[in-house]
Amino acid sequence: MAGPQQQPPYLHLAELTASQFLEIWKHFDADGNGYIEGKELENFFQELEKARKGSGMMSKSDNFGEKMKEFMQKYDKNSDGKIEMAELAQILPTEENFLLCFRQHVGSSAEFMEAWRKYDTDRSGYIEANELKGFLSDLLKKANRPYDEPKLQEYTQTILRMFDLNGDGKLGLSEMSRLLPVQENFLLKFQGMKLTSEEFNAIFTFYDKDGSGYIDENELDALLKDLYEKNKKEMNIQQLTTYRKSVMSLAEAGKLYRKDLEIVLCSEPPM
C-alpha cells in the first residue's frame with residue numbers, strides 16, 4: 001500500500017503501458033476493494049488535475065466540488081459514485097486499451113460465460129496462467145491487434161495481478177467477471193447469497209428430482225427464484241431471463257451439471 005507522501009506514478013505520461021496502468025490503479029485503490037472511492041477518489045482527482053496542468057500542489061478551490069461533479073458525470077458510467085477499473089481505463093491514455101478490448105469480446109454476461117467455458121478447459125472453476133494466455137491470444141486476434149510473445153506475457157501477468165485477488169496465480173469465476181461492465185455482471189447479484197457446499201448440495205438435490213446430476217433451464221428458473229426469495233431479494237422476469245441465459249451458457253445440450261452451477265453459486269469453486 002502506498003504511503004501518503006509517495007508520488008503517484010505515471011499520471012503525466014502521454015501513453016501508459018498495461019503495467020503502468022496497474023501501478024496507478026493499485027496506488028489509488030488503497031484498500032484493494034476494486035474501486036476508487038471516497039477519499040481515494042478525491043486524491044486521484046487532485047493528482048490528475050495537477051499532472052495535467054503541470055502546476056504545483058493544487059489547493060482546494062471553491063469550485064473543487066463542482067469540477068469533481070463534472071468529472072464524475074463524464075466518467076462514472078454507471079453512476080455509483082465510484083470509479084471502477086474499466087472506467088479508469090477510459091480516463092487514462094492506456095496503451096492499446098486492453099480492458100476495452102476484453103469488453104468488446106465479452107460484452108454480455110452470456111458471452112462471458114461462454115468464454116469462461118471455453119478457457120476453463122479442465123473444468124476446475126479457475127482459469128490458470130496458461131489458460132488465461134490462450135484467452136488473451138484469441139482476444140487480440142479477434143480485435144486484429146498485432147502482438148508479440150513478450151507483449152502477450154505482459155498482458156497475461158498484468159491481468160493476473162489486476163484480478164487475482166488472493167494471489168494464488170489463477171482466476172476464479174467471480175474474479176474474472178470483474179472484466180464485465182458492472183451492469184452486465186450478473187455474478188455481482190449473487191454476492192451476499194453465496195452458498196456453502198452443504199447448502200448448494202441440498203438445493204441442487206431438491207431440484208434434480210431424478211438424481212441425474214443435472215437440471216434443465218426450467219428447473220434453474222425455479223432454483224434461482226427460490227434462492228432470491230430465501231434471501232429476501234427481488235428479481236423481475238427480465239433479470240431472471242438474463243441470469244438463466246448466462247448460467248445456461250455453461251450447460252451441455254441443455255443440461256446444467258452440478259459442478260458448473262456450483263462454480264456460480266458457491267463461496268469457493270469445487271475441488
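Including glycine, each Cβ sits where the backbone N, Cα and C put it.
Per Swiss-Prot, domain 'EF-hand 1' is recorded for 16-51. Positions annotated as Ca(2+) 1 binding site by Swiss-Prot: D29, D31, N33, Y35, E40. Summarising the annotation, Swiss-Prot assigns domain 'EF-hand 2' to 63-98. The feature Ca(2+) 2 binding site is assigned by Swiss-Prot to D76, N78, D80, K82, E87, with sequence analysis given as support. Residues annotated as domain 'EF-hand 3' in Swiss-Prot: 107-142. According to Swiss-Prot, the Ca(2+) 3 binding site annotation covers D120, D122, S124, Y126, E131, on the basis of sequence analysis. Annotation source Swiss-Prot lists domain 'EF-hand 4' at 151-186. Residues annotated as Ca(2+) 4 binding site in Swiss-Prot, with sequence analysis given as evidence: D164, N166, D168, K170, E175. As annotated by Swiss-Prot, domain 'EF-hand 5' applies to 195-230. Annotation comment: Swiss-Prot describes D208, D210, S212, Y214, E219 as Ca(2+) 5 binding site. Residues annotated as domain 'EF-hand 6' in Swiss-Prot, with a curator's inference given as evidence: 235-270.
Distribution of Swiss-Prot features across the structure.
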| residue | record | Cβ within 10 Å |
| --- | --- | --- |
| D29 | Ca(2+) 1 binding site | 20 |
| E40 | Ca(2+) 1 binding site | 18 |
| D76 | Ca(2+) 2 binding site | 15 |
| N78 | Ca(2+) 2 binding site | 11 |
| D80 | Ca(2+) 2 binding site | 14 |
| S124 | Ca(2+) 3 binding site | 16 |
| D164 | Ca(2+) 4 binding site | 19 |
| D168 | Ca(2+) 4 binding site | 12 |
| E175 | Ca(2+) 4 binding site | 20 |
| D208 | Ca(2+) 5 binding site | 19 |
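For the pair Y126 (Ca(2+) 3 binding site) and D208 (Ca(2+) 5 binding site), the C-alpha distance works out to 25 angstrom. Closest to D29 (Ca(2+) 1 binding site) in space, going by CA atoms and restricting to the binding-site residues S124, K170, D208, is K170. Here Y35 (Ca(2+) 1 binding site) is positioned 27 angstrom away from D120 (Ca(2+) 3 binding site), judged by their C-alpha atoms. Across the range of the domain 'EF-hand 5' (195-230), the DSSP-based residue counts are 25 helix, 3 strand, 8 coil. If you compare Cα positions, D31 (Ca(2+) 1 binding site) sits closest to K82 out of the binding-site residues K82, E87, E175, S212. Summarised by DSSP class, the composition of the domain 'EF-hand 1' (16-51) is 25 helix, 3 strand, 8 coil.
For the domain 'EF-hand 2' (63-98), DSSP puts the residue distribution at 23 helix, 3 strand, 10 coil. Around the Cβ of Y35 (Ca(2+) 1 binding site), the same chain contributes D29, K82, I83, E84, each under 8 angstroms and 6 or more positions distant in sequence. Of the recorded residues, D122 (Ca(2+) 3 binding site) and K170 (Ca(2+) 4 binding site) place their C-alpha atoms 13 Å from one another. Across the structure, Y214 (Ca(2+) 5 binding site) and N78 (Ca(2+) 2 binding site) place their CA atoms 36 angstrom apart. If you take the C-beta of E87 (Ca(2+) 2 binding site) and look for same-chain residues 6 or more apart in sequence within under 8 angstroms, you find Y75, D76, K77. S124 (Ca(2+) 3 binding site) sits 33 Å from D80 (Ca(2+) 2 binding site), taking the CA atoms of both as reference points.
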